[in-house]
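Worksheet: the structure to be examined is printed underneath.
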Amino acid sequence: MTDNFTCNKTDGDNTDFRYFIYAVTYTVILVPGLIGNILALWVFYGYMKETKRAVVFMINLAIADLLQILSLPLRIFYYLNHDWPFGPGLCMFCFYLKYVNMYASIYFLVCISVRRFWFLMYPFRFNDCKQKYDLYISIIGWLIICLACLLFPLLRTNDDTPGNRTKCFVDLPIRNVNLAQSVAMITIGEVVGFVTPLMIVLYCTWKTALSLQNKYPISQHLGEKKKALKMILTCAGVFLVCFVPYHFSFPLDFLVKSNEIKSCFARRVILIFHSVALCLASLNSCLDPVIYYFTTNEFRRRLSRQDLPDNIQLHTKSYKIASNHATSTVAAELC
């Protein structure tokens, strides 16, 4: 009894620290993530018909990021006020969006990596690949992710707690589930939602890097390979920074909240580690627009409006040609 009381007190001592980390992280992410992803959607829509290079997947990735960003003000409110006055339905929906964003981001980062890899390694086979196929892949991915992520809110309960304080997000209690079933669900989720996508991204990175070692590369192909490797490496970097720590800490956090881990010191370390990992997982909404800017020439060109002077010159030349033609016609008629 005393040990349980001591551990509960230790967990409670971590609460203010964890709330502070969450509030600061989400505040930092909110404005840059919102502006960056809205700009990304505008840019991608503008040159969607000009390229076949994974633009559909990038659009879906930006949409996934916006889903999480739009819920951040409510998360910030909760972690600053330590209370949720907006009802259990909205709490569960925002909680659900977090996981939809995470696994949609993982899915579309994999799609972008595979698309660039295939387009580079098998250009003739995939050169005529239409964007509608990417659209079908995106729709199927959204359906699977949205259905699979329903497990996260279903495994939580939002019963009110004493003291007129309503819990939400990381404080939602876990329902009583058999340990064997819990381990099975976590294992399947980790393998399907994290390990397999990570292996695919690392494989694409490895094979693309090997292709640069060709002794007689054509300069144009070498440039394309370097661009593709840059894109795939950036996707792998975001994957490793944002999602690896979370998927290491998630099973441990689940065991803590299920009271399977009894050591007070271990509980304290795991709760802090999971809080940091959760913040890193949220950073992907802010980092994805950086991927677009530094790895996509069309994105930089349109965002910097470098194509604007060309358009102005084109319209000016057209106007001059039309004016000269009209002048010549009038002169001929007068003669």
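These residue numbers are counts, starting from 1, taken along the chain as shown.
Keep in mind that glycine also has a Cβ here, set from the backbone N, Cα and C atoms.
According to the topological domains annotated in Swiss-Prot, Lys227 and Leu255 fall on opposite sides of the membrane. Reviewing Cys7, Cys168, Cys204, Cys235, the cysteine that Swiss-Prot connects to Cys91 via a disulfide bond turns out to be Cys168. Here the transmembrane segment (28-48) does not touch the transmembrane segment (232-252). Their Cβ atoms form fewer than 3 pairs under 8 Å, with each pair 6 or more residues apart. With Cβ pairs under 8 Å as the measure, the transmembrane segment (54-74) is packed most heavily against 92-112, out of 92-112, 135-155, 232-252. Here the disulfide-bonded residues are Cys91, Cys168, and the one with the most other Cβ atoms within 10 Å of its Cβ is Cys168. The average pLDDT the prediction assigns to the topological domain 'Extracellular' (1-27) is 72.
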